[in-house]
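> Here it is, the structure in full.
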Amino acid sequence: MTTEDQTISSSGGYVQSSSTTDHVDHHHHDQHESLNPPLVKKKRNLPGNPDPEAEVIALSPKTLMATNRFLCEICGKGFQRDQNLQLHRRGHNLPWKLKQRTSKEVRKRVYVCPEKSCVHHHPTRALGDLTGIKKHFCRKHGEKKWKCEKCAKRYAVQSDWKAHSKTCGTREYRCDCGTIFSRRDSFITHRAFCDALAEETARLNAASHLKSFAATAGSNLNYHYLMGTLIPSPSLPQPPSFPFGPPQPQHHHHHQFPITTNNFDHQDVMKPASTLSLWSGGNINHHQQVTIEDRMAPQPHSPQEDYNWVFGNANNHGELITTSDSLITHDNNINIVQSKENANGATSLSVPSLFSSVDQITQDANAASVAVANMSATALLQKAAQMGATSSTSPTTTITTDQSAYLQSFASKSNQIVEDGGSDRFFASFGSNSVELMSNNNNGLHEIGNPRNGVTVVSGMGELQNYPWKRRRVDIGNAGGGGQTRDFLGVGVQTICHSSSINGWI
């Protein structure tokens, strides 16, 4: 055995060389742990975990709840404990005996709950003292006899009721809604309900706002008009360019009034035109788009263009009558431009949509074209007379705005043509026999325009709106009907553009 490996234990220490340093340190650490063992905490017995060596006692509910288990045979007074009864017997000069503690250790007792469904009914979960099992049975399974007068809370154990009465009303719990509670459990229950109600109310309010926004967005018009300018809505589909049928090849002239904007880019020019000609359907390109301001200036035109402006192409007068008839029939789909004076004295325009349902008008126009494709000029004039007679059936009945505008435009253009000396060409557009028909029925047409027959037409849209009772009849010429035609519609000679109108629109 070498000196490097030997150890000296006389003094309890170690003498070692450098080669045995690691081994000695490890041994010293183990010895230190053996001298100072770790502290072990003593675990408390949880409620319902009694000593397995304890005596288990099961009492009936009646015996357990009895307040006076020990009775005096002299006076009948009852006591909860036997020791109290023995002391009472001493007052009656009766033999009494108190229990003496012996040196022998007494076996511990535990009590089980008489309720079979209770968790403490099992012996392994029995409670350790008689008072504890009594209070447990009263609180969990007994009747709550004591009631607090302040908060109406009830208790089954009298001691609990007394402890609550001392602190009841001294502390309050206030909810955000303003309700005050003295009991914390009631406050917690109410607060949970109040928070859930607030969240539900916020959700319903958000849903109602979203629904109203959707309804408002859905009620917007397909087209918005601003100062006589047609602006298609970006969120809604645009109507087709031909609401009254396929386009017909014809000459575009100066009397068509497509509603266009003055400032437009190249993309707007390349798009299909969504404007609607006043009397005939057809496409117009960007070279033929004319602003409304340009219509104020006089421009040269031929009488044939005047006929086409009113009736379309003379070769297609059957289709023209169909279009005119559909315009008169569906008067609820055509709204004439109305002018309003604002506070500054300027004139602004409120132009509603020119048509409500394009598909419906197209179908109705096609159906009407089959029925009246061969309608003659006489039938057209009779239809105009019937329309005037219908509008004057009662003294308070007036012609609608759509019919008035249509008749005014019809009479103004026809009278202008007659004054220019083109009456033969005017009636020739209806057919070969239209001139003879007009000359033969001259007296009859004059009777239609007679005010005594009750057929009068308001001469201006402003008078129609502001003074519906004011009607007047304008005769052609200063001589009182001294021309080749008669004012059989009673609208008089009236131009389209007025000095009080804006952009040439009434």
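Heads up, the Cβ atoms here are built off N, Cα and C, so glycines get one too.
Since the structure is predicted, the reported quantities are computational estimates derived from the model, not experimental observations.
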> Which range is it, out of 183-195, 326-338, 482-494, that shows up in Swiss-Prot as region 'SHR-binding'?
183-195
> Zinc finger per Swiss-Prot: which of the ranges 146-169, 362-385 is that?
146-169
> Across the zinc finger (111-141), what does the mean pLDDT come to, as a whole number?
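Its mean pLDDT is 89.
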> What does the structure give for the C-alpha distance between Cys175 (Zn(2+) 2 binding site) and Cys151 (Zn(2+) 1 binding site)? Integer Å is fine.
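Distance (Cα to Cα, whole Å): 17 Å.
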> Of the recorded positions listed here (Ser60, Cys177, His190), which is spatially closest to Cys151 (Zn(2+) 1 binding site) when Cα positions are compared?
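Result for Cys151 (Zn(2+) 1 binding site): the nearest of the recorded positions is His190.
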> Within 10 Å of the Cβ of Cys168 (Zn(2+) 1 binding site), how many other Cβ atoms can be counted across all chains shown?
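Its Cβ shell of radius 10 Å holds 16 other Cβ atoms.
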> For Cys148 (Zn(2+) 1 binding site), identify the closest of the recorded positions Ser60, Cys177, His190, Cys194, judging by Cα separation.
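So, of the listed recorded positions, the one sitting closest to Cys148 (Zn(2+) 1 binding site) is His190.
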> In the same chain, outside Cys175, Cys177, His190, Cys194, whose C-beta lies within 8 angstroms of the Cβ mean position for the Zn(2+) 2 site?
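Apart from the listed residues, the neighbours are Asp176, Gly178, Thr179, Phe187, Arg191, Phe193.
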> Helix, strand, coil: count each for the residues of the zinc finger (70-92), based on DSSP.
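In the zinc finger (70-92), the DSSP-based counts are 10 helix, 4 strand, 9 coil.
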